[in-house]
């Protein structure tokens, strides 16, 4: 590893630093702008247009650690939970909030921004192992950071002809799936950045352990895997599937058992195994965690939207693989990348229920091969066409830049421009989704001080931010986190719909152990329910825009 680091020149590290600054500014400014554009009597909650649904869940983890609860519980479901999960990543972020006293959304974003240079350092190191040419490494880095698919061109078509279903999200994956490309990952959360960073680092250390016969690299890879699988156990099949498949290929190539390499991989597996055992133990011994695991299925969009989301990256990969094979430049290191892509692609359509997660890393492999393929194609065309034609159509930086913007960079540009548009004009329900009224925050703050057992009944946006900032359980909030979510959504809608069926509503509140009813502009959208006239509800917090009622036994 030391030799690999030393092989990278100071000029290259300055380039990596520059790219880090660029990405920090590009992905940080929209959130700052969103904060500055908060309407009067509201506060920005840290959400943006790209897959915002899980942000409150992460906030709730951070908030629990801030309050001294290091074993995290699912606060997005009404059921009580006896066992919590120790999540090392959110423990570290929560500890930062606890020590600094800074707001949760701010530390959440600062952690993400801090991980960007870490990712770029590891990626450039990883890339240097496979690509020795400095100029090509820089091309690949820029291409990776700003490339996506063609989802922008299909977005309107998808919305019109493919309505959202409960199971599949029929939209190009580069416009909604965090793991599908690196720009999305860097724009979303710190733990997604840590996930792809650790994947590359574990792979690199294992390859160096095999190549250099260094058991120390295997030990480090093992402990990094132990750390990784604690907060992202979904990727255990990726790490050992890719490394196992590559080792199998090495054994076939060598026509003998590679005992030392096998031992190193087994060592990494055994060191990391406690994290996997821990999660299986939690699933087996805590019903809430077990049921949540059963329904936490992350489907991927139907295959046409996967292809649209990757755009010209798969053809670029094929082009690169063809020229590398044709020119006899295919070495064992590049074969590892091909195996990584093939294993991930197989996992996407495997029985494992985390299909969308296994898109992580695919763009890295495809970006490397695409750039190598374009450069090989350039050399090929230089020999085949006239110099003037070549200079205009192939070796023309301005034309290359325009084509890159049109056919690769539309997804990042779309995500950025959409956020700036939403923060500026706040169309439809955007204002109510991104900006909570100050009274809602005050009501949540009141709930934070209550120690009474029971759940809070709320609806709309407020039901997601009560557990995020108060530490209180809510009855129903999140499709993956709430047990039996769709059944509870029906009961929630029934209660807030009107002023009828009070006997039934009273029974539901008692049966579901609901202690408080939260009432604000978000709940009013369900209907004309008036909690003030109900003899089974008592007003305990009052403000113009948010009220809290206690359920009377």
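The backbone N, Cα and C atoms fix where each Cβ goes, glycine too.
Using a Cβ-Cβ cut-off under 8 Å and counting only residues 6 or more beyond its ends in the same chain, the transmembrane segment (15-36) has close neighbours at 44, 46, 48, 109, 112-113, 116-117, 120-121, 124, 138, 141-142, 145, 186-187, 416, 419-420, 423, 434. The transmembrane segment annotation in TrEMBL covers 15-36 (among others).
What TrEMBL lists as transmembrane segment is 88-108 (among others).
Marked as transmembrane segment by TrEMBL: 114-132 (among others).
Taken from TrEMBL, the feature transmembrane segment applies to 139-157 (among others).
Summarising the annotation, TrEMBL assigns transmembrane segment to 192-210 (among others).
Residues annotated as transmembrane segment in TrEMBL: 215-231 (among others). Sequence-distant contacts of the transmembrane segment (215-231) (same chain, at least 6 residues past either end, Cβ-Cβ under 8 Å): 1, 86-90, 191, 194-195, 198-199, 201-202, 205-206, 208-209, 239, 264-265, 267-272, 274-276, 278-279.
Look at TrEMBL and you will find 237-254 (among others) tagged as transmembrane segment.
Here TrEMBL flags 263-283 (among others) as transmembrane segment.
The annotation transmembrane segment is assigned in TrEMBL to 303-325 (among others).
Under the heading transmembrane segment, TrEMBL lists 334-352 (among others).
Look at TrEMBL and you will find 358-377 (among others) tagged as transmembrane segment.
According to TrEMBL, the transmembrane segment annotation covers 398-416 (among others). Sequence-distant neighbours of the transmembrane segment (398-416) (same chain, 6+ residues past either end, Cβ-Cβ under 8 Å): 26, 30, 49-50, 143, 146-153, 155, 172, 174-175, 181, 183-184, 187, 309, 311-312, 392.
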Most Cβ pairs under 8 Å with the transmembrane segment (139-157), selected from 114-132, 334-352, 358-377: 358-377
Maximum Cβ pairs under 8 Å to the transmembrane segment (334-352) - stretch from the list 114-132, 237-254, 263-283, 303-325: 237-254
Positions on the same chain near the transmembrane segment (237-254), where near means CB under 8 A and six or more residues out: 199, 202-203, 206, 210, 225, 228, 261-262, 265, 268-269, 272, 332, 335-336, 339-340, 342-344, 347, 350, 352, 358, 360-361
In contact by Cβ distance (the transmembrane segment (358-377), the transmembrane segment (303-325); 3 or more pairs under 8 Å): yes
